[in-house]
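Chemist: Next up is a structure, given as structure tokens.
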């Protein structure tokens, strides 16, 4: 298993200030979108802060141009496996309506274990940049990639399995290619839809706090001719796995840096 990429720092970010529209600036970024004090450890542009509950949140922002220019969609698409992924449902292995693969750290979810491959060179610039964002902990050492062929490829409502992760660490999710809807629902009775978020090419979404305990998320299927007309999409999620996390076991009780 590869060692985690270098951590650039652990200092606590300054408290955020929201503008009158509820948009919250990331550390070093003004609520109006202008950079106040560029940091060599990593920069992001205008950040949208979505409050799901008193302990759950989502950040959304666009990847910097210098990172986008180093991501080759065609090269990343060619990394997909030949066969669709599988999960276990009620004791049966069934195919998923998408391709998936794990890099850097084995990942156990939905009754299966994805054995990790070494991180490919095509993904390294993105992961190194993500680890430079010290406000999110800087210890991302596992990558899960999902490839969506069209709108008919999707992922149903679910919460991510966090047993292997550093306690309290956020999950960073990057979308490339076709725009798709990211739907957040309550886990309680009624499963009410809380948010529908458009994930455009180059969007980075950060899920933090108790989101996985309190809510589900999904990328809904688009059926028929409309779905077939939707282009390809790649989703790259990055996680901080605990140093001693056994596959399917519990995470080491080491807490992440405070949530921004």
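Backbone N, Cα and C atoms are what each Cβ position is placed from, and that goes for glycine too.
Curation does not apply to TrEMBL; its annotations are automatic.
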Chemist: Name the residue range among 1-43, 44-86 that TrEMBL annotates as region 'Disordered'.
Modeler: 1-43
Chemist: Which of the binding-site residues 107, 108, 109 has its Cα nearest to the Cα of residue 239 (2-oxoglutarate binding site)?
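Modeler: With Cα distances computed to residue 239 (2-oxoglutarate binding site), the winner among 107, 108, 109 is 107.
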Chemist: Considering the binding-site residues 158, 233, which residue's Cβ sits among the greatest number of other Cβ atoms within 10 Å?
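Modeler: For the binding-site residues 158, 233, the Cβ with the most other Cβ atoms within 10 Å is 233.
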Chemist: Sort out for me which one of 107, 109, 148 has the most neighbouring CB atoms within 10 A, since those are the binding-site residues we care about.
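Modeler: It comes out as 107.
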Chemist: Just jot down the residues in the same chain as residue 217 (2-oxoglutarate binding site), at least 6 apart in sequence, with C-beta under 8 A of its C-beta; none if empty.
Modeler: 157, 158, 159, 182, 183, 184, 185, 207, 211
